[in-house]
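Per Swiss-Prot, the feature topological domain 'Cytoplasmic' maps to 1-36, 86-89, 104-111, 189-200, 276-342. Feature annotation from Swiss-Prot assigns phosphoserine to S20; the stated evidence is similarity to another entry. The transmembrane segment annotation in Swiss-Prot covers 37-54, 68-85, 112-132, 171-188, 201-217, 254-275 and rests on experimental evidence. Sequence annotations record features per position, and here Swiss-Prot assigns topological domain 'Extracellular' to 55-67, 133-170, 218-221, 236-253 based on a curator's inference. The annotation site 'Selectivity filter' is assigned in Swiss-Prot to F74, Y223, R229. Marked as intramembrane segment by Swiss-Prot on the basis of experimental evidence: 90-103, 222-235. If you look up Swiss-Prot, you'll see Y135 marked as site 'Important for permeability to glycerol'.
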Amino acid sequence: MVQASGHRRSTRGSKMVSWSVIAKIQEILQRKMVREFLAEFMSTYVMMVFGLGSVAHMVLNKKYGSYLGVNLGFGFGVTMGVHVAGRISGAHMNAAVTFANCALGRVPWRKFPVYVLGQFLGSFLAAATIYSLFYTAILHFSGGQLMVTGPVATAGIFATYLPDHMTLWRGFLNEAWLTGMLQLCLFAITDQENNPALPGTEALVIGILVVIIGVSLGMNTGYAINPSRDLPPRIFTFIAGWGKQVFSNGENWWWVPVVAPLLGAYLGGIIYLVFIGSTIPREPLKLEDSVAYEDHGITVLPKMGSHEPTISPLTPVSVSPANRSSVHPAPPLHESMALEHF
């Protein structure tokens, strides 16, 4: 009897400890920054699994894959990623887009390392997943050798490499320009004062944008246009056995898909804001209490799932002190997705 009673008390105690641990984990996961980190991690993982899987089909068996299939895989992978995380982090899935939004004041800099870390880990895990799923097919195709160049090269499944007809600096300009086009169009798609995508279609339209870039302009460099898409899988291939040639190939090409997209996204965002955003007539925002405007995080350009104070320098704000005491602050706007972040 004594033993049975002690056993029951021990069981109840272990259950209480278990529930306490679960509650603590849930509390941590509900923190905004943690949720945004996990959102970037999962959305990037989803995008990269579909994208890299489509490349594996094209490289390993032409019967099942094609260049069009690669573009569709990455494009609709982006669409699925936006659905996974659009209402939590904005589903950037791209360190260059995160950098541009931070540099242009749309996202606080403190979120930059959190978002990029989530993206890099998701991309790395996606590369490991594709390697595991296609391991036997890779070895069969290459005769058991993990090659970076040559007719049985398989490193290109995971990262982009400079083709023979391109020079390093032409490739740099190509990557910067394509990423600039991406960012410019993303701002257009989500600009509520211009001609944005219809509510609920943003994810699909952004996926189509990626497909268009690929089928029209992707031949020269494989259109990485995303440090989070290229560098983590490249690091994985180095660890998995492809060797240091994954970094040295193409005149040390590896750094170009990291640096060029950052520059391109920033310039593309500036070009849109200066030449398009600043020329659109915008009605003054009717906020009577400027203090409430600053304190409650009211954003002129509506964005989903984020209450960070984001005031566009291009939007005039009309403030009247006449009725400060009688006016209640307006709530944050949520009519559109936060995909200006993408």
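If you go along the chain as it appears here, the first residue is 1 and each next one adds 1.
Glycine is no exception: its Cβ is also placed from the backbone N, Cα and C atoms.
Distance from the CA of R229 (site 'Selectivity filter') to the CA of F74 (site 'Selectivity filter') is 10 Å. Geometry remark: Y135 (site 'Important for permeability to glycerol') versus Y223 (site 'Selectivity filter'), CA distance 25 Å. By the Cβ criterion (under 8 Å, sequence separation of 6 or more), the transmembrane segment (254-275) is not in contact with the transmembrane segment (68-85), since fewer than 3 such pairs are found. Residues near Y223 (site 'Selectivity filter') in space but far in sequence (CB under 8 A, at least 6 apart, same chain), listed by position: T160, E175, L178, I213, G214, L217.
Helix, strand and coil counts under DSSP for the topological domain 'Cytoplasmic' (86-89) come to 0 helix, 0 strand, 4 coil.
Contact between the transmembrane segment (201-217) and the transmembrane segment (68-85) is supported: at least 3 Cβ pairs lie under 8 Å, counting only residues 6 or more apart in sequence. Here the topological domain 'Extracellular' (133-170) has long-range neighbours at 52-53, 55-56, 59-61, 127, 220-224, 230-231, 233-234, 236-237, 240-243, 245-246, 249-254, 256-257, meaning same-chain residues at least 6 beyond its ends whose C-beta is under 8 angstroms from one of its own. Its Cβ taken as reference, R229 (site 'Selectivity filter') is surrounded by 30 other Cβ atoms within 10 Å in the chains shown. Across the structure, S20 (phosphoserine) and R229 (site 'Selectivity filter') are spaced 38 Å apart at their Cα atoms.
Taking all protein chains in view, 27 other C-beta atoms sit within 10 angstroms of the C-beta of F74 (site 'Selectivity filter').
Counting every protein chain shown, 11 other Cβ atoms lie within 10 Å of the Cβ of Y135 (site 'Important for permeability to glycerol').
Mean per-residue pLDDT, taken over the topological domain 'Extracellular' (133-170), amounts to 96. Within the same chain, residues 73, 130, 133-134, 137-138, 141, 154, 156-158, 215 sit at least 6 positions outside the topological domain 'Extracellular' (55-67) and bring their C-beta atoms closer than 8 Å to a C-beta of that stretch.
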